[in-house]
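Colleague: As annotated in TrEMBL:
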- 410-864: domain 'GPI ethanolamine phosphate transferase 1 C-terminal' (DOMAIN)
- 421-443: transmembrane segment (TRANSMEM)
- 463-480: transmembrane segment (TRANSMEM)
- 486-503: transmembrane segment (TRANSMEM)
- 524-544: transmembrane segment (TRANSMEM)
- 550-566: transmembrane segment (TRANSMEM)
- 573-591: transmembrane segment (TRANSMEM)
- 597-618: transmembrane segment (TRANSMEM)
- 663-681: transmembrane segment (TRANSMEM)
- 710-726: transmembrane segment (TRANSMEM)
- 805-828: transmembrane segment (TRANSMEM)
- 840-860: transmembrane segment (TRANSMEM)
- 872-892: transmembrane segment (TRANSMEM)
Amino acid sequence: MLLFFILGLLVHFVFFASIFDIYFTSPLVHGMTPQFTSLPPPARRLVLFVADGLRADALYELDENGNSRAPFIRNIIMHEGSWGISHTRVPTESRPGHVALIAGFYEDVSAVAKGWKENPVEFDSLLNESKYTWSWGSPDILSMFAKDVSGDHVFIHAYDADDEDFGAQDVTKLDTWVFDNVKEFFHAARNNQSLFSKLNEEKIVFFLHLLGLDTNGHAHRPSSREYKDNIKIVDEGVKEIVSMFKDFYGNDGKTAFVFTADHGMTDWGVHGAGHPSETLTPFVTWGAGIKYPQKVSAQRFNDAFLKEWKLETWKRQDIHQGILPLGYLNNTDLFKAESMFTNALQVLEQFKVKMTQKKEVTLSFLFKPFKLLSESKQLNILRKARSYIKQRKYDEAVSLCKELIHLALRGLSYYHTYDRFFLGITVVLGFVGWTSYASLLIIKSHSSLTRGVSKEVKKTSLLLPYGFVAIGVLVVFFLLIQACPWTYYVYCLLPVPTWYAVLREFQVIQDLVASLLRFPPRHFVGYLLVFTLGIEVLVLSFFYRCMLTAGLIAFAGWPFITQLWTRAKSTSLSWIFFSLLLAAFPLMPVVGREPDISLVMSAGLLLLLLSLFVVTSLTKRKDSFVNEELFLHLLQMLSTVLSMYVVYSTHNSLLKKQGLPRINQIISWITLASSFVLPLLSPTVLLERLFSILLSLMSTYLLLSRGYEALFPLVLSCLMLAWIHMEQETLQQSGVSCKQKVNGIQFIYNTDITQFRQLCLDDIRRAFFLVFFLVTAFFGTGNIASINSFDLTSVYCFLTVFSPFMMGALMMWKILIPFVLVMCAFEAVQLTTRLSSKSLFLMVLVISDIMALHFFFLVRDYGSWLDIGTSISHYVIVMSMTMVLVFLNGLAQLLTTKKLKLCGKPKSHLI
């Protein structure tokens with residue numbers, strides 16, 4: 001069985017990674033011949049301002065007094081340059097956003113998980129192609145464009161990473177540092193002849209990365225006074241830098257300026273997904289080669305922004321990276337046509353290289369070229385475009401070039417996704433094969449279905465293994481002659497052993513079919529419909545959290561459907577009450593909620609009251625509550641009190657901009673570390689151990705909470721306690737005798753297997769309950785399928801200096817705490833119902849895999865970027881849940897069964 005779980009983990013890891021190979025491989029094409037226009041550029045130098053995290057509406061809108069927060073930028077829009085909205089893509093994070101701006105392409109979605117400080121793929125960039133580049137700003141952003149550049153011509157000036165502190169008194173210093181250092185740099189250049197001569201070369205880039213707005217947005221929200229005041233500081237700083245450039249270069253008219261942002265930010269101060277507030281960023285440009293403002297009487301846009309911003313008379317030109325924005329260029333028609341022709345050649349060259357690469361590794365009789373852009377059509381369009389330019393028909397030439405670019409981009413997408421259908425089929429075959437085998441293993445090893453099957457070892461035909469070996473050899477040969485990557489071998493060969501394992505259990509399949517044929521058709525169809533409905537409710541809950549509410553309300557009616565209501569009224573009432581109470585959480589706001597520390601304090605107080613009640617009830621039991629146990633409970637209660645103090649104190653300190661107090665940080669980390677140890681000191685009696693786990697984990701959860709979510713684990717745990725009692729009552733109702741009450745059961749690591757019973761139909765319901773509770777633990781307080789649901793303020797009791805991986809780990813542990821509580825309760829359910837943990841766990845894996853197969857078919861790489869990001873997240877979450885379940889099952893066993901000794905022998909509990 002251990003080997004089965006190891007293989008299961010490997011298989012699920014393959015399924016997990018498959019969507020990134022099938023849908024989201026790197027779009028980069030290498031090996032093209034460079035294409036350049038022979039016409040001289042209008043500018044000798046570029047100054048690029050990137051205001052990290054700046055929303056378009058925050059810059060363009062007027063304040064409550066009708067004044068602009070950025071008067072200099074608004075003056076540029078009206079008197080000097082062109083403007084519009086830049087549409088960014090998911091994931092709206094700093095790394096892919098800057099790559100799109102400076103390298104001219106959108107990274108694949110998986111790149112955001114590969115770090116800020118290194119390049120997951122090699123790519124060329126504007127900075128690398130420049131004669132010299134000087135950059136100022138965040139070390140995380142600047143370093144990735146300076147690494148592995150060809151030559152020593154990209155210079156970075158970065159502040160210390162520790163300065164990126166969300167709890168600092170004034171984070172606008174991140175921007176003023178940039179402006180001050182640029183001024184000092186140019187002042188020093190006047191007295192440095194070598195530097196002065198470099199600054200007067202052509203093809204020079206100055207990159208100013210401004211992180212203050214992003215930091216203020218995370219810490220205080222974009223609607224805050226701090227964020228809006230930061231815009232004014234940035235505007236004033238840009239004004240001073242522009243004036244300095246004009247003075248340094250003597251108003252030579254050869255400097256182009258671009259002011260934009262890498263991504264926006266939601267109202268609740270996060271980014272990463274596809275909400276318009278994250279994807280719509282400002283784009284303002286002026287100077288050499290840029291058109292002056294154009295007054296218009298009407299503009300066609302599907303939004304009301306122009307009227308809201310009082311800019312309806314100034315021509316707005318939205319842009320997407322990748323295609324030359326001719327509308328911004330102030331140059332001759334010849335220059336525009338030649339530039340567009342060069343742009344078309346560049347994209348066409350990528351298309352040709354991509355087609356050649358795919359043709360070389362595909363068998364000739366299987367290769368299907370992109371029919372809309374044949375070689376003859378390429379030559380025809382290029383010939384016509386060049387002819388139009390010679391005849392001075394520039395508009396016609398530009399139109400033809402745009403058509404060629406459009407077709408070439410479609411062709412690139414065609415060859416980029418050439419193997420998608422083939423890979424998708426192989427992964428689905430592996431998925432179905434694995435799920436079928438796991439189902440057969442449950443039936444064979446943990447049910448009474450095969451009880452009547454002869455145990456005699458039959459001579460198996462060699463045709464089956466030899467047949468599958470032959471299939472495997474053919475697959476390898478087919479992939480070898482096409483020089484496919486090694487991952488293709490994994491995806492294509494995986495179905496071979498899984499389906500071999502399925503067909504080896506042919507006798508079990510026969511018994512299953514025979515059993516189903518004996519089953520009353522009405523009952524079979526009814527159970528199948530209920531199971532299908534349950535799976536669909538779980539799938540829909542990923543899209544509509546209200547489905548969780550509907551499910552919990554349905555759960556509340558469970559005692560009335562059975563005879564539990566008459567048999568155990570008090571237990572049933574507890575189940576109904578907490579089911580309905582938990583059902584309220586999915587109806588609460590997903591994101592965008594303001595911090596409410598009073599709710600965190602309320603959760604802490606309720607936990608303390610519950611602790612007092614438990615301690616009081618335990619002390620009344622004779623010979624069952626010794627001094628060390630009382631000391632442990634009091635210690636855990638003290639930990640809760642300290643957590644409440646730290647949350648309240650840290651919140652006030654940050655409001656006063658005094659930063660995170662060191663003592664609060666120390667207490668937080670000690671509380672987190674002790675939460676893994678303190679439960680192991682408590683007795684292994686079922687209810688006492690579960691309550692000790694709740695106390696320890698809740699102390700940490702309070703530190704990571706900002707509002708109503710602090711109450712969620714408490715209500716969830718109460719429902720789990722009711723579930724444990726309900727399952728024992730259900731077992732007794734079915735006629736299975738229970739030797740011990742819940743109060744007397746102890747968690748034992750090595751349970752006697754003779755006490756286990758065979759699976760019954762009701763156990764499918766138990767497995768479904770577990771999966772439903774796990775999904776509720778995921779989505780009960782927020783939609784983590786969206787990256788922007790992660791609120792950085794949750795970790796401010798632990799750290800405020802920007803550290804993406806540490807912050808991510810803490811937020812992930814916050815998500816996993818309700819998971820652990822559910823899994824610990826599941827361990828108790830298995831004990832009370834006398835079920836093998838392996839059998840129920842296998843059923844849970846099968847249900848999760850069926851859900852994952854749903855989401856595999858729902859993964860998209862087209863449509864809105866919000867839909868694309870959500871489809872990826874859903875599949876990743878379900879696959880992660882399947883793999884993490886193995887880890888959480890082990891953690892739950894450790895927390896429930898292990899006992900550490902403080903001194904002497906642990907007290908035994910016999911009731």
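Using the three backbone atoms N, Cα and C, a Cβ is placed for every residue, glycine included.
Could you tell me the structural context for the features on the list?
Modeller: Non-local neighbours of the transmembrane segment (421-443) in the same chain are 4, 8, 11, 14-15, 18, 21-22, 449-450, 488, 491-492, 494-495, 498-499, 501-502, 505, 508-509, 511-512, 759, 839, 842-843, 845-846, 849-850, 852-853, 856; each lies 6+ residues outside the stretch with a CB under 8 Å from one of its CB atoms.
Long-range contacts of the transmembrane segment (486-503) within its own chain (CB-CB distance under 8 A, at least 6 residues past either end) are made by residues 11, 14, 17-18, 21, 419, 423, 426-427, 429-430, 433-434, 436-437, 440, 464-465, 468, 471-472, 475-476, 479, 509.
Away from its own ends, the transmembrane segment (550-566) comes close to residues 537, 541, 572, 575-576, 579-580, 582-583, 726, 729-730, 733, 769, 772, 776 of its chain (Cβ-Cβ under 8 Å, at least six residues beyond either end).
Counting residues 6+ beyond its ends, the transmembrane segment (573-591) has Cβ neighbours under 8 Å at 266, 268, 270, 545-546, 548-549, 552-553, 555-556, 558-559, 708, 712, 715-716, 718-719, 721-723, 725-726, 776, 779-783, 786, 788-789, 791 in the same chain.
Beyond its flanks by at least six residues, the transmembrane segment (805-828) meets 672, 686, 690, 693-694, 697, 700-701, 704-705, 712-713, 716-717, 720-721, 723-724, 742, 745, 747, 770, 773-774, 777-778, 780, 784, 790-792, 794-795, 798-799, 837, 840, 884-885, 888-889, 891-893, 895-896 of its own chain at Cβ-Cβ distances under 8 Å.
Within the chain, the transmembrane segment (840-860) has long-range Cβ neighbours (under 8 A, six or more residues past its boundaries) at 8, 15, 19, 23, 427-428, 431-432, 434-435, 438-439, 441-442, 446, 535, 538-539, 542, 759, 763-764, 766-768, 770-771, 826, 830, 867-868, 871-872, 874-875, 878-879, 881-882, 885, 889.
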Colleague: Per the 3+ Cβ pairs under 8 Å rule, pairs at least 6 apart in sequence, do the transmembrane segment (597-618) and the transmembrane segment (710-726) touch?
Modeller: yes
Colleague: Roughly where does the domain 'GPI ethanolamine phosphate transferase 1 C-terminal' (410-864) sit in mean pLDDT, to the nearest integer?
Modeller: 85
